[in-house]
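This report refers to the structure that appears directly beneath it.
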Amino acid sequence: MQGLPTIILVGPMGAGKSTIGRLLAAELQREFFDSDHEIEARCGANIAWIFDVEGEAGFRDRETAMLRELASLDAVVLATGGGAVMREDNRQALRERGTVVYLATSVEQQIRRTARDRNRPLLRQGNPEQVLRDLFAKRDPLYRATADLVVRTDRRGPRAVVNEIIRRTKRLSDPLDLKA
């Protein structure tokens, strides 16, 4: 689908950024990139290992470099890591390069979606529910401040979310298009 800008998905772990991003890219006939997967491919190691060896600050440095690179591409769909909005440089780069969509979800939904995932380093730091609640309190305002659109994902299928993103992004791109 021509005419739509790069679409950048932000939101917490378990919001569906990767799943929705892949479907959205296929629907729009665009390339899809997941910044966390790109970091893993480039490093030859998973995120948990990078956190263990370099700490969160080391990972965030890699993430910032990767986001700059991926956000510079034209007309792609980009799924970011949940903590990408923690740095102002990242928020600014994302806002400047495309339409930012916050995939908002409840902590309860996050718990259901991440319960068996062992590759989430931040969830290994104590009670996962409390960690998710603390992350939500810190990050939700940043997601909202960065986003052009907020789309809820709770109790919705990925296809319905994709359709809403396309419809609302078209409306943002051309507010006079009455069919959008």
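Glycine residues also receive a Cβ, built from the backbone N, Cα and C atoms like all the rest.
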From ARG133, ARG139, ARG144, the one annotated by Swiss-Prot with ASP36, ARG60, GLY82 for substrate: ARG139
Protein Cβ atoms within 10 Å of LYS17 (ATP binding site), excluding its own: 29
Neighbouring C-beta atoms (10 Å sphere around the C-beta of ASP36 (substrate binding site)): 23
Pairwise CA distance, LYS17 (ATP binding site) versus ARG60 (substrate binding site), rounded so that it is a whole Å: 18
